[in-house]
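What TrEMBL records for this protein:
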DISULFID  CYS73-CYS82  disulfide bond
DISULFID  CYS87-CYS93  disulfide bond
SIGNAL    1-22  signal peptide
Amino acid sequence: MAASSSWILLLLAATFTASASAATFTIKNNCGFTVWPAATPVGGGTQLNPGGTWTINVPAGTSSGRVWGRTGCSFNGNSGSCQTGDCGGALACTLSGKPPMTLAEFTIGGSQDFYDISVIDGFNIGMAFSCSTGVGLVCRDSSCPDAYHQPNDMKTHACGGNSNYQVTFCP
């Protein structure tokens, strides 16, 4: 009986570990300059030099969020400022950035996730956004056809739940 209880506990632990992350976001800087990507409510922010990559594991239960690139930043430790996308002077954002900023938005959970690019808050940097099972979106300028320009645009795309996402600056 003790052996079967141990087996059940091991199975439950493996199941919990396998479902611990609802989605993984890989953010890459293809620009010839440094970008400071930010993400809320999970991730915060970091400095990403040209060619650099940042990975964020978004836990199950995180229903929605945003990723954006900040430009023209100067930080001393965890505080500073950015010319675009600044989030109250913090390196690790806990609130959304100040326009202009190109946004990768997502809603995750269940059997389907939803994602889009938005320029409703302005455009500051080219961005590509895709999931492992969905359409790749590319926005190189403020008039890009793949982005939301107004709140009632129909630009949301679906992909399978527990997906891997890619956000690339300067695609």
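Along the chain as shown, the residues are counted starting at 1.
Glycine is treated like the rest: Cβ placed from N, Cα and C.
A TrEMBL annotation is a machine prediction, not a hand-curated record.
Positions of TrEMBL features highlighted on the structure.
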{"residue": "CYS73", "record": "disulfide bond", "Cβ within 10 Å": "20"}
{"residue": "CYS82", "record": "disulfide bond", "Cβ within 10 Å": "25"}
{"residue": "CYS87", "record": "disulfide bond", "Cβ within 10 Å": "23"}
{"residue": "CYS93", "record": "disulfide bond", "Cβ within 10 Å": "24"}
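A gap of 13 Å separates the Cα atoms of CYS93 (disulfide bond) and CYS73 (disulfide bond).
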